[in-house]
Amino acid sequence: MRAMDENLVGNLDAAILCVIAFVLFFAGLVYHLRREDKREGYPLEMEGPDGRIHRAEGFPAVPSPKIFNRPHGRGTVQVPRVEEPENVRPADQLPPIGFPMLPGADPLMEGVGAAAWTRLREEKPDLDVEGDPKLIPLNDYQEYYIPSGDPDPRGWDLYSADERKVGKVHDLWFNRAEFFLRYYEVSIDGAEGRRLVPAFFAEALPEDRIVRATTLAESDLRRVPVRAADDCITMREEDRLNGFFAGGLRFSGRQGQIHDPA
């Protein structure tokens with residue numbers, strides 16, 4: 001009986017048991033996390049060679065719906081959930097299978113391709129842990145300021161990527177949750193209202209006292225989307241605005257006129 005027990009266990013000791021337990025735990029953790037990250041964006045829908053729409057879930061499958069309580073009185077949300085498909089206006093002729101959709105006559109506005117944005121984002125501002133908007137204009141919050149010795153772009157001229165003067169910088173929008181500059185608030189010559197220029201798609205040139213939008217030619221910079229309210233920006237407006245500027249690198253101006261500063 002003793003010899004049989006030794007053959008049954010072999011070299012199985014406490015260290016090997018710990019390794020096996022860790023591998024099983026880690027595999028289960030990866031499975032759980034991979035399943036949970038499919039609560040949004042799944043199931044994928046794809047058109048097969050027969051022209052029919054097929055659901056693609058992959059492994060593991062999409063989890064069962066769960067209701068989450070949202071902070072700051074924003075109610076509950078169920079994920080995954082059925083969402084209405086967005087209507088897009090691609091080019092007249094669809095590309096072959098596997099190729100991206102081509103935008104139509106006005107690629108910066110249509111939400112397809114390099115300038116894509118989604119209407120599924122909420123028309124509410126992004127909030128910090130205290131329930132206040134993350135993005136704030138410095139002119140309205142005097143407790144935040146630019147340190148002495150650093151350049152202050154307020155009052156500088158705004159130039160387009162094709163080196164044309166388009167307007168003037170009036171304010172800076174700051175992310176007070178993560179402490180970085182997010183937008184330049186600008187006015188456009190000959191147009192009403194204030195627009196926002198994402199700091200990631202602009203460069204400040206202190207020696208020339210100008211801020212240059214690096215992805216949009218003058219004609220497109222003059223038609224940057226306008227916010228519904230002057231004192232805040234919603235998540236959907238942010239998505240559309242950043243898509244507009246990101247798409248400018250591909251669609252704005254003549255071919256080869258706009259260059260990526262990176």
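Glycine too: its Cβ is placed from the backbone N, Cα and C atoms.
Annotated features in TrEMBL:
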{"type": "DOMAIN", "residues": "7-139", "note": "domain 'Photosynthetic reaction centre H subunit N-terminal'"}
{"type": "TRANSMEM", "residues": "12-33", "note": "transmembrane segment"}
{"type": "DOMAIN", "residues": "151-198", "note": "domain 'PRC-barrel'"}
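Residues 60 of the same chain lie 6 or more positions beyond the ends of the transmembrane segment (12-33) yet place their CB under 8 Å from a CB of it.
Helix, strand and coil counts from DSSP across the domain 'Photosynthetic reaction centre H subunit N-terminal' (7-139) read 31 helix, 23 strand, 79 coil.
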